[in-house]
Amino acid sequence: VLSSTDKSNVKAAWDKVGGNVGEYGAEALERMFLSFPTTKTYFPHFDLAHGSSQVKAHGKKVGDALTNAVGHMDDLPGALSALSDLHAYKLRVDPVNFKLLSHCLLVTLANHLPNDFTPAVHASLDKFLASVSTVLTSKYR
């Protein structure tokens with residue numbers, strides 16, 4: 001459960017991300033594909049080369065979904081219901097991949113926001129991404 005401090009930390013950090021949400025989302029995806037090559041199997045139709053327009057477009061989708069989640073931290077299940085259905089029933093993404101992408105997002109944010117990425121902010125973002133991952137995998141049960 002996200003505390004009021006966690007929510008405040010997440011909102012403040014996400015405000016710093018601002019218009020870079022798509023760029024950071026794409027960078028996190030690239031990190032994931034490089035660090036965890038098995039994740040590429042979900043994207044056989046993508047050009048996974050650095051700077052690929054398909055990775056950039058999907059990175060923007062990831063970033064926009066997280067922006068939506070940040071705006072609805074009190075109702076993540078409601079805000080992410082359609083996305084949860086998509087990943088569970090249509091795409092059948094292995095739940096572990098959400099943890100891998102979350103890790104890559106944290107690394108990306110730490111890289112771009114070094115002065116703002118305090119231990120407290122890191123912990124809050126980690127809890128937030130874990131909550132998002134839990135919601136996205138809730139329909140698997």
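Note that Cβ sites are derived from N, Cα and C of the backbone, with glycine treated the same way.
According to Swiss-Prot:
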- 1-141: domain 'Globin' (DOMAIN)
- Ser3: phosphoserine (MOD_RES)
- Lys7: N6-succinyllysine (MOD_RES)
- Lys16: N6-succinyllysine (MOD_RES)
- Tyr24: phosphotyrosine (MOD_RES)
- Ser35: phosphoserine (MOD_RES)
- Lys40: N6-succinyllysine (MOD_RES)
- His58: O2 binding site (BINDING)
- His87: heme b binding site (BINDING)
- Ser102: phosphoserine (MOD_RES)
- Thr108: phosphothreonine (MOD_RES)
- Ser124: phosphoserine (MOD_RES)
- Thr134: phosphothreonine (MOD_RES)
- Thr137: phosphothreonine (MOD_RES)
- Ser138: phosphoserine (MOD_RES)
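Overlay of Swiss-Prot annotations on the structure.
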{"residue": "Ser3", "record": "phosphoserine", "Cβ contacts under 8 Å, 6 or more apart": "none"}
{"residue": "Lys7", "record": "N6-succinyllysine", "Cβ contacts under 8 Å, 6 or more apart": "Met73, Ser124"}
{"residue": "Lys16", "record": "N6-succinyllysine", "Cβ contacts under 8 Å, 6 or more apart": "Leu113, Asp116"}
{"residue": "Ser35", "record": "phosphoserine", "Cβ contacts under 8 Å, 6 or more apart": "Leu100, Cys104"}
{"residue": "Lys40", "record": "N6-succinyllysine", "Cβ contacts under 8 Å, 6 or more apart": "Phe33, Leu48"}
{"residue": "His87", "record": "heme b binding site", "Cβ contacts under 8 Å, 6 or more apart": "Val93, Leu136, Thr137"}
{"residue": "Ser102", "record": "phosphoserine", "Cβ contacts under 8 Å, 6 or more apart": "Asp126, Leu129, Ala130, Val132, Ser133"}
{"residue": "Thr108", "record": "phosphothreonine", "Cβ contacts under 8 Å, 6 or more apart": "Tyr24, Glu27, Ala28, Arg31"}
{"residue": "Ser138", "record": "phosphoserine", "Cβ contacts under 8 Å, 6 or more apart": "Pro77, Ser84"}
Quiz item: Hey, how far is His58 (O2 binding site) from Thr134 (phosphothreonine), Cα to Cα, in Å?
Solution: 20
Quiz item: By DSSP, what is the split of the domain 'Globin' (1-141) into helix, strand and coil residues?
Solution: 113 helix, 0 strand, 28 coil
Quiz prompt | Residue with minimal Cβ packing [other Cβ atoms within 10 Å] among the modified residues Ser124, Thr134, Thr137 | solution = Thr134
